[in-house]
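Annotated features in TrEMBL:
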- A:15-46: repeat 'WD' (REPEAT)
- A:65-97: repeat 'WD' (REPEAT)
- A:115-149: repeat 'WD' (REPEAT)
- A:160-191: repeat 'WD' (REPEAT)
- A:205-236: repeat 'WD' (REPEAT)
- A:278-300: repeat 'WD' (REPEAT)
- A:334-352: repeat 'WD' (REPEAT)
Amino acid sequence: MDEEFPYYLQNIANLGGHEDRAWHIAWNPTKSLLASCSADKSVKLFTYNHDGEGNLNFTLATSIPTGHLKTVRAVAWSPSGRTLATASFDSNIGIWEQELDDDGNPGEWECASLLEGHETECKSVAYSSSGNLLASCSRDKTVWVWEVQPDSDFECMGVLMEHTQDVKCVAWHPTEEILASGSYDDTIKLYVDDPMDDWFCCATLTGHASTVWSISWSPNGKYLASASDDKTVRIWRRIGEHEFKCVLVLEGHERSVYSVSWGIGKSNQEIDSSLGWIASASGDGVIRVWDLSENSSTEPMIPSAKLIARLPTAHGVHDINSVVWCPRKGHEDLLATSGDDGMVKVWRIQGT
Amino acid sequence: MSGEIFNPNPTVFRSSTKSHSPRRLLAAKKSLWINEYEPSQLVQVLDEDEEEAIDQDEIFDLIKNIYDPEHPNTLEELHVVSAPQIDIAENRVKVEFTPTVPHCGMSTLIGLSIRVRLIRSLPTRFKLDIVVKPGSHQSEHAVNKQLNDKERVAAALENPALVKTVEDCLTGRA
């Protein structure tokens with residue numbers, strides 16, 4: 001008999017169509033669209049809406065063949081929701097926008113720009129909260145920061161060569177222009193822009209015993225969560241302008257944790273100490289959700305984490321590659337996952 | 001690939017001719033790297049629901065005839081793989097292999113070949129861990145890390161030259 005958890009994950013949608021593993025998903029921040037990308041070199045966009053009876057229906061809106069020569073490993077939406085970036089093993093970043101037809105209606109998704117420069121596979125891409133900057137990373141050990149300019153022009157602002165091995169993921173702070181990267185070298189690095197000079201690495205977070213696969217900032221920007229091949233999720237607290245300290249290690253997964261996502265959560269929005277919910281997904285096929293809160297009565301700097309939901313075999317026997325909370329207001333209880341079965345699944349977290 | 005051979009004089013052992021496998025396994029239906037010229041592997045459909053136990057000998061049978069990239073000998077003949085070095089838990093298989101020399105630069109290729117053979121042959125419920133025998137390689141940790149990084153493996157298998165080299169090891173064409 002499973003242990004009792006206060007919440008469970010209800011399966012809302014199972015979206016097939018990809019012909020190979022689905023690596024990554026991204027929720028459009030302004031529109032009802034969910035993007036997924038795959039080793040089949042395509043991106044699929046799913047649209048969702050409420051029917052009359054309180055159900056959320058997901059349908060395939062379009063499949064973009066992309067033209068990437070290899071796996072599409074990651075997708076990211078700009079904050080405006082009008083642009084989509086793709087990161088491919090062919091070493092390029094694609095920038096996609098929807099063309100307007102003669103009547104001004106949105107039509108096909110076209111490649112507005114192709115960012116070349118990485119020497120080997122691109123692993124991740126992300127827009128800053130302002131939408132003015134784009135970061136990309138690769139097995140070539142570098143992180144590139146691009147400035148987004150009008151007419152889909154991109155200017156490279158910096159090539160950061162601080163990691164000693166492949167860079168697996170990049171993630172921007174929710175409000176400030178601070179970039180975090182996770183690497184095969186087991187570290188997390190943080191970068192900021194020096195107005196007089198260049199982008200530089202301002203901090204290195206060590207502690208994980210193996211590759212850092214995924215990073216997610218807390219909604220309030222004071223914490224960072226990282227998922228690692230060492231089967232743990234670590235929580236780092238910002239203790240100075242560019243100083244972070246590991247304050248919590250979340251264990252329980254039995255294989256590499258490939259993805260972590262920190263959402264607002266829904267239970268305690270009135271309570272100041274609530275830090276939100278962390279969802280993690282692993283090669284063990286399990287999705288875990290923790291409720292994080294700051295415990296001001298005891299040690300003020302150490303948050304506490306409580307496991308509130310656990311779903312095994314979310315994608316059957318297959319690895320789960322990505323888990324992401326929906327960022328849109330009114331949908332904070334939605335979670336999307338993608339797996340080696342090529343499926344994209346949507347879950348709603350419900351109280352038991 | 002450089003012209004240097006890492007181990008010009010490997011010790012070759014006589015291979016066993018007896019097949020221990022009571023049944024043969026089908027190449028995984030959703031295999032990413034379907035190889036048309038391996039007819040001997042296509043025998044019986046293994047339903048995902050059939051959780052029949054797989055033993056060390058069956059896995060050994062799958063990998064023993066993989067060829068070493070540098071020599072016209074199989075991994076069995078060179079004692080690179082053996083049945084006792086295969087560990088099976090409920091849905092996990094761990095294969096330990098022994099490179100012929102501690103500085104063997106072919107280790108990652110051998111490990112990748114073992115993985116490809118097993119991915120194609122075993123039901124998808126099995127998670128595979130491929131490692132070098134502890135103490136047998138001077139860069140043990142680095143080799144193990146590469147062999148078990150899912151993203152690196154996926155990218156390697158999108159490299160046509162590397163895939164061809166792996167296929168040559170699997171079929172014995174050098």
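Keep in mind that glycine also has a Cβ here, set from the backbone N, Cα and C atoms.
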Surrounding residues of the repeat 'WD' (A:115-149) on its own chain - C-beta under 8 Å, 6+ positions past either end: 70-71, 73-80, 83, 85-95, 155-177, 179, 181, 183, 189, 191, 193, 199
Residues of the repeat 'WD' (A:65-97) by DSSP state, where helix covers H, G and I: 0 helix, 17 strand, 16 coil
Summary of DSSP states over the repeat 'WD' (A:115-149), given as helix, strand and coil counts: 0 helix, 20 strand, 15 coil
